[in-house]
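Undergrad: First the structure, then my questions, so here it is.
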Amino acid sequence: MSCLYIRGIFLCWASAALSSLHPECEYIFQLEKEERHCLQYIAEQGNRTTEGCRPFWDAVACWPHAEVGETVQRACPAIFSLFRNNTGSVSRNCTSGGWSRHFPPYHIACSVDDDIPETEQIYFATVKLIYTVGYSISLVVLAVAVFILLLFRRLRCARNFIHIQLFITFILKAVAVFIKDATLFSSDDTNHCTLSTFACKASVVFCHYCVMSNFFWLLVEALYLNSLLLSSFNHSRRCLWGFSLLGWGVPVLFTVLWIGSRVYFEDTECWDINEDSPYWWIIKGPIVVSIAVNFILFMNIIRILIQKLNPRLIHFNNSSQYRRLTKSTLLLIPLFGTHYMVFNFLPDYFNVNLRLCIELCMGSFQGLLVAILYCFLNQEVQKEVHMQWLRWQGRSYGVVSPAAKCSQMDTPF
């Protein structure tokens, strides 16, 4: 999962980020280092002279002692070269009233913008608003869907068991994003380059685990559907345990390995910046592989259904079954997360704006879409809810409808 921090706006998406030290953080650390050197220089000067202008630090450059009438010129700090190559300089006049204002301003002389453009600020704020709304709505709808599937005994089957696990991972991912936002960006005054608390690291770890488990349960959905199409065996409890181990256990293994690598080799900041870190592939690698395998399985399902639906091969008894599977397959794109393939093998900062729109904004509504398609629009779920409503009416008003009586004779799947 990639995370991008831009002037107080925290954006995450499901792939990998880039460096162990972001340019903004390197800029801040270098300025702090130069400030310490300047303050040491000022302390050494002490009260050697009271004439002229005293040395001082203006938050960007160190200005030495100067005589009245003298003009002091300072080159642009070398750290500005991180953003743009420049050889500019800034000057100040020492007057009888003290130092004059620097000229030209730093952002002009050193070709560095003070802030990102207002249009970009609006864009990133809009992205954050969209994903917050998306995750909030998805969380509520998914919780209702899980409650419905657990409430009715007749809906308990292998297929719905897997759906429930997937719904839970979407819920956990939404909760993880909210926790991470609250932990890392609860205050505008937080220094994200030096923040290194247990709470913030725990929130990052929890977020990575939830995202990885979500991708692995998407993979389980694909494997299960492929097994239904390729064979007609009954999925035993042991098979469901295997799926559970893949969906919940494998992400634990990789997350623990990543935690160990960060603790012993890269225990820097809040573990939320991973640029050029080889250890980030412990998290990114399994996710990339799961997306690729999911896409292959998706194409394989399409291939199988095209073959199965050949009019010359369809028999009277199983034609309705495969037509039903075909209808479900058309809805597999949100279930398999195939939209992640767009950026799966591209560099992480390739076209960030488009990536955020597809992976973050669309991804926040993925849980909502999956819950609607595979729970609320499911005919079996609708029938069971309708029958329960009729039974409730019967108990409340003493009238039992024929449909409710018939439903008690249905064979649970």
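Cβ coordinates come from backbone N, Cα and C, glycine included.
Here's the feature list from TrEMBL:
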SIGNAL    1-19  signal peptide
DOMAIN    37-114  domain 'G-protein coupled receptors family 2 profile 1'
DOMAIN    127-378  domain 'G-protein coupled receptors family 2 profile 2'
TRANSMEM  129-152  transmembrane segment
TRANSMEM  161-179  transmembrane segment
TRANSMEM  215-233  transmembrane segment
TRANSMEM  240-259  transmembrane segment
TRANSMEM  279-306  transmembrane segment
TRANSMEM  327-346  transmembrane segment
TRANSMEM  352-377  transmembrane segment
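Could you tell me the structural context for the features on the list?
TA: Taken as a whole, the domain 'G-protein coupled receptors family 2 profile 1' (37-114) shows an average pLDDT of 81 in this prediction.
Cβ atoms under 8 Å from those of the transmembrane segment (129-152) belong to residues 11, 160, 163-164, 167-168, 170-171, 173-175, 177-178, 360-361, 363-368, 371-372, 375-376, 381, 384-385, 388 of the same chain, restricted to positions at least 6 beyond its ends.
Beyond its flanks by at least six residues, the transmembrane segment (161-179) meets 12, 131, 135-136, 138-139, 142-143, 145-146, 149-150, 203, 206-207, 209-211, 213-214, 217-218, 220-221, 224, 240, 243-244, 247-248, 335, 364, 366-367, 370-371, 374-375 of its own chain at Cβ-Cβ distances under 8 Å.
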Undergrad: How about long-range neighbours of the transmembrane segment (240-259): same chain, 6 or more residues beyond its ends, C-beta under 8 Å?
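TA: Sequence-distant neighbours of the transmembrane segment (240-259): 158, 161-162, 165, 169, 205, 208-209, 212-213, 216-217, 219-220, 223-224, 279-280, 282-283, 286.
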Undergrad: Let's see if you can do this one: DSSP helix, strand and coil counts over the domain 'G-protein coupled receptors family 2 profile 1' (37-114), in that order.
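TA: Breakdown, helix to coil: 18 helix, 21 strand, 39 coil.
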